[in-house]
Amino acid sequence: MTDASKYQKLTPIDHVLLRPEMYVGSIETQSIPMFVFDPAKGKMVWESMQVNQGLLKIVDEILLNAADNINNSVRGARMTYISIKISDSGEIMVENDGAGLPIVKSKEHKMYIPEMVFGHLLTSSNYNNDASSTTAGRHGYGAKLTNILSTKFSVVCRTAGREFHMSWTDHMRMATTPRVSNVDPKEKNVTRVTFMPDYAHFGFPTAAISLDMKRVLHKRIMDLAAMFSKIEVRLNNVPFGFQTFNDYARLYSLPGADGAMPPEPFVHTGPNGSIAFVPQLTQSPKRIVGVVNGVVTYNGGTHCTSAMEILETGLDSLSRSLKKDGKVIDTNRVARHFTVLVFLIQSQPKFDSQSKARLVSTVTMPRVPRTALDQYLAAMPFLEAHMNSMDDQLAAELNKEIGTGKRLSSRSLISSITKLVDATSSRSDGKNIRTLIVTEGDSAKALALNSLSSEQKKFCGVFPLRGKLLNVRNKNLKRLKTCKELQDLFLALGLELGKTYKSPAELRYQRLLVMTDQDADGSHIKGLVINAFESLWPSLLQHNPGYISLFSTPIVKIKVNGKAKEVVAFHSFRDFHRWQRANPNARYSAKYYKGLGTSTTAEGKEYFADMERNVMRLVVEPKDHRLLDSVFDSAEVEWRKEWMSKANAFQGEVDIDRSKKLLTIGDFVHKEMVHFALVGNARAIPHCVDGLKPSQRKILWAMLKRHSSEAAKVAQLSGYISEVSSFHHGEASLQETIVKMAQNFTGGNNINLLVPEGQFGSRQQLGNDHAAPRYIFTKLSRFARLLFPEDDDPLLDYIDEEGTMVEPNHYVPILPLLLCNGAVGIGFGFATNIPSFHPLDVSAAVRAMINGESAKQVVRNLVPWAVGFQGTVRRGPEKEYIAVGKYTAHRNGRLHVSELPWMTSIEAFRSHISSLASSDVVQRIADYSGANHIDIDLIVREGSMTTWAECETDLALSQRIYINGTVFSPDGTLSPIDADLSPVLQWHYDRRLDLYKRRRTRQIGLLEMDLARLQSTRKFVEHFRQGHIDFLAATDDTLTKTCVKLGLVRVDDGYDYILKKPITFYTKTSTEKLQADIKKTQDSIAVLKQTTPVKMWLTDLDKFDKTFQEYERVLIHSIQKEQRPASITGGEEVPALRQPPLMLEAPAKGAASSSYRVHICRYEEPPASKRKPEDTYGGALSSGGSTRNVGKRLTGARGAKKKKVVRRTRTKMSLGTRVAEFAGAQLGRLLPQLPRLLF
C-alpha cells in the first residue's frame, strides 16, 4: 500500500523557505567572477567573489522598491535620495523619500496598504499592465520574499502627515500590530525598511554578512546610483556623487601594464537609457553590465545582446573600411577590448523568472549615432598592434597553406603548380644564373618555350600569369590569399612571407624575368609584379639590382624599300618616330608587335639568341617605397589624380630608353606606369567636347565610313569596326558598346546615334535585357549626321594607329553630346557621373551662349532629364536634384504607379516591392508595364504610409541625381569638374565656333578653287570655239603651251581637267551649262561670305531641333498610348498621400527661362513623419534570437532610399515566469496549486 504520509501541502511561506531557489535564486555561496569596486584603485576590477545569489536578491528587492518609487514620485512629491546602511552585524536599512505608500486601509482586505505590500504575498500596485510603466516589480513577491527570508523585518512609512510602524519576525509568520500616528504634515515623506537576513538559512557559518558580499552589495548600490544619477544614493551616509553616466563608465577604464590609460569611454545617453563602450588596452572575455529599470541582469538578456550587436555592427563597418586599404581585423577579438555597459529604462520589462537575472522582452535601445561610433572605433590605439598580429597570423597561415619558404623539388612542383615549366638544372653555374621567365598568358609562354635553346632551358624556367594580378600593397595578405597566381609564383621561387632576404642564393631562382606585351596592359602587369615584391620583400630588391628584370621585345619592325632584306627593329615608338623624322622620304613597310603573340618562333629565337641584350635590370632604392606607395596605396588618391592630370592621355607614349640596361623605379613609374593609367582612364572617361569614349568614337567613325543605309547584324558590324579602326580589345566589349549606343528607351540615350532593330533592351532592366548580338541589327540614326556634319570631317585631327589613319582624336558635334546623353565611368583614380539633360535644352543653352550669355549663367537653367520621362525633377534639401516618379493613392490601400525615376529599372522596383511584401507593407502587385512605359498597381497595408514623402521614400519613387564630373579637356588632360558643368559648355562652344570658322574658310577656298577651274575651262572652250585651236594638228605640248599662254589654272600640276574632256564638252549645250555652273558657284561664294560662323551654327541647330521635336512627339505619344486609361487606373484619391503640386523655381537671374523645356520644381518640405532616423545603430530590436542582421537596408533601385525591417520573434519564457505571470493575474487563487504545477 502506498505511503500517503509523504504527500504534503505547504503554506506559501513554508514553500519559499523550502524552495527559495525558485524565488530568489540559489542560496548556496558560489565563486562567481564579476566586477566589484576596488577603493584602493578607485576602479571597477574583475575578480572572483564568493556570492550568495539568494542573499543578493532579497537585498535587491528592497532596493528596487526604492527605485520604483522614483517613477511613482513623478506625479507626487519629488524623490531626492536613497540611503542604504549595512551594519557590521549584517543588518540592512534602506530609506528613501518621495511619494510614499498611502497609509490607509484597503476597503476590500481591511488592512493598511504598507502591511499588505510588505507582509502579504501577491500584493502589488503593478497588476494594471500600464504600457508606460517603467517599474521593476511585476509579480507581487518582491519585499515579501525579503521578509520571509529574514529573522526580523520592520518598516516605517511617513506619508502626508501620517506615520506607519510595523515589524515581522519568524520569517513573516509573526507580526506586531500596525501602529499609526499623526505627524507634522510638513515633514518629508519617508519609507524606511530595516531587516536582518537569516544568514544561517543562507549558509553563512558566522550568521553574519561576509566581506565579499559587502563588496558585491557595494557594487550593486553603485549600479543603482549610476542608473538614477539625479537621485542622491548614499551608502553608510557616503554619497556616490555620479553627476552623469560618464562618471560611472570611467570607473571601468583600467590602465595598461605600463600605466598607460585607454581612451575615454564612448557614452551615448538617450530618453530610454544609456549605453557605454569602455575600451581596454588588453583583450579579455566579453564583459557586459546590464541594468533595466534598476534591475541588474546578472545573466544578461536581450538588452545585452542588442548592445553587443551595436558594437559589433560598428566594428563590421570599421572592418569594411579597413579592408579597402588591405587591412584586416578580427571583429570578435577587437570586441574583447571593450566592456559594454547598458542601462535602460523600459516599459513593462519581462524577465525569465522572479529572480530577474535575465531580460527576455523586446527592448528599445538608445539610437547610437553611426558616424560618431565609427570614428571613435577607428581611433582605438590598440588597432595597429591588432592588425600587425593579424598580418603575422595570416602570413603564417599562408606559408603553411601555399607552402612558401620550402625548397620543393621539381617533382613536388609538378603536382603543385601545373603551369610551371621548371628549369632542368637544379643550380646555377658561374656563367648562367637560374632565371624564372614570367610571361603574360599562355601564348607568350609558348613563344618563350619554343624560342629557348636546350642549353638555356637548363637554367630558365617559364611560368605564365593568367588573369589579373591583385594589388597586395601594404602587405595585404588577405587579398594575397585570394590570388592563386601570386601564390604559385612565390612557391615556384621558394619565397617565405615575413622573411628578410639580402641574397637570392637560397631561392630556387636567382632572377625573375618579366616578359609581357608592349602595351598598357603589359605595363600594368609589370607594375603589379614589382609592387608585390617591393611590398613583401623590399630588401631582396634593394640588395640585388636586377633580381626583377624586364624582357624587351621590338614593338615595330620596318622593311626599307630598295635595300635588300634590311629590317630595322624598334623597341619603342619614340625611337621609331625619331627615325621617321630623320628619314622623311624613306619608303618602307611596317609591322607592329603590340602583343607577343605576333612574333614568330623564328623571331623569338632571335630575341633569346642574345637574351641579355634584350634585358633591362630593375634598380630599387629605399626611397622608391614612397613612390610605389603613391601609385598603389588606395589612400593616395589625390597624389594619383595630380600625377595623371599632368600627362596627356592622347599624345603620350612610353618614353623609356630601351637601349639602357638599367631601369629605375622613378623612370618606370613616370614613363611607363603612367601610360597604363592614362590609357585606362581614356577607356572609361569621356572627352568633354564630343562626350564619347574611344570605343564609342571608333564605332561612330566606322559607321560613318561605311556609307550604308542598310542595317547589319551587331555581331557582323563588330568585326568590320575592329578591322577598319584597329580595335584591339575583343569584339564582345565592342558589341556591348554598339548595343548601348542604339538604346533609346527612357533612361537610355536621349540621342541614340544608332538605330535599334530588334530587342536592344528596355526599361524592364535598363537595357540589360537585350538580345544576343547575333540576332539584332543596327545602322546610323538620322541624328548622326545632324550632330556630326560631313563638312566637318576633313577638319578633324585623326589618330595614326599602326600606320593607318583611323578615328579622330575627338569629334566636335553641333551640341555637347556629353550633356545630352550623360556619362558614367570608373577609371584609374578618377570616376565620372554626369546625368543626361534634354537635348532641346542643351540646344537652347548653346543658343544663349551664342547670344552672349556666359556658360556659368546658362548651366543654371539646365535640369537633368530623360526624354520620355513623365515624372518631375525636384530640388532637394541640399540643393541637389531629385528625380521623382509619379503615383496616385486611392482609398482601400490601392496605389497606382505611372512613372519611376529613369535610373530605376522596373525589375529593381519589383524586387524592392517584394521585400516590402515580406514585411507586410505591400500586399499585392499587378504590373502592366511595357518596354518604355510604367503602369503598376499596388495594394498597400492601410496606415503603413501616412504622407506623400513616406510613399516616395518607402516605394523608392525618388532618386537623388549625383553630378561628379571628370572629363578629358580639349588638350587631352584629365580635368575634374565636380558638379560644375559650365566648363563642358565652354570647351565645346570654343571648339565648335572655331570649327565653323575653319569650315567657312575652307568652304570658301574650295568654292573659289572650283570657280577658278570653271572659269579657266570656259576660257579654253571660248578660245577653241573662236577657232584658235586645231586639235587635229595639235600635240600635247602645244596644248599645254596654249593653256599657259591663256593663264589657266593648274590642277595637280597639269591641265587634264580641261584637256581630257570628251568632244561633247565643247557643244553649245555644255557651254551654257558651264556658264550656269559658274554663276551658281559665284552665288554660293557670295552667300557664304555673307554667312557668319554663328549663322552656320544656328542653321545646323534649327535642323536638329526640328527633327528632334518630331522624334520626341512620336515617342511620348507611343508611351501614353500604351498606358491604361484613367477610367481603369483612377478612383477617389487619399488627400494626405497626394503628391505636392508642381511649383517651379524662379529662373536664374537674367536667363530666358521660357526657352527651356524642363524646369525644376522647388524644394518641398516633407510633412511631419513618424519615421525614426536611419543614421543610428540601435532602436527597436527583437526579443529573441540574434539581432545582428536585423535592419539590413532594402535596396530597390540604385541610390534609392532604404528602410529598416525588424523581425519580431516569439520569446520562449521559462516555466517559472509563466507561473508567476499567471499567478499575478489571478492573485491568490492558484497559490495552493503551485507545487503541483511546478513539480
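Placed from the backbone N, Cα and C atoms, the Cβ positions cover glycine too.
The active site, O-(5'-phospho-DNA)-tyrosine intermediate annotation in Swiss-Prot covers Y775. The ATP binding site annotation in Swiss-Prot covers N65, N96, 124-126, 137-144, 354-356. Per Swiss-Prot, the feature Mg(2+) 1 binding site maps to E440, D517. As annotated by Swiss-Prot, Mg(2+) 2 binding site applies to D517, D519, with the evidence given as sequence analysis. Annotation comment: Swiss-Prot describes 434-548 as domain 'Toprim', evidence class sequence analysis. According to Swiss-Prot, the feature region 'Disordered' maps to 1167-1206. Under the heading site 'Transition state stabilizer', Swiss-Prot lists R774.
Projection of Swiss-Prot feature records onto the structure.
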| residue | record | Cβ contacts under 8 Å, 6 or more apart |
| --- | --- | --- |
| G142 | ATP binding site | E61, L64, N65, S124 |
| K144 | ATP binding site | F118, G119, H120, L121, T123, M172 |
| S355 | ATP binding site | Y23, V24, G25, Q53, K57 |
| E440 | Mg(2+) 1 binding site | P464, L465, M515, T516, D517, D521, G522, I525, L596 |
| D519 | Mg(2+) 2 binding site | K594, G595, H728 |
| R774 | site 'Transition state stabilizer' | K713, V714, A715 |
| Y775 | active site, O-(5'-phospho-DNA)-tyrosine intermediate | K713, G758, Q759 |
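Ranking the binding-site residues N65, S124 by the number of CB atoms within 10 A of their own CB puts N65 at the top. Summarised as a single figure, the pLDDT of the domain 'Toprim' (434-548) averages 88. Mapped onto three states, the DSSP output places N65 (ATP binding site) in helix. In the three-state DSSP scheme, G142 (ATP binding site) falls into the helix class. Per-class residue totals from DSSP over the domain 'Toprim' (434-548), listed helix then strand then coil: 54 helix, 18 strand, 43 coil.
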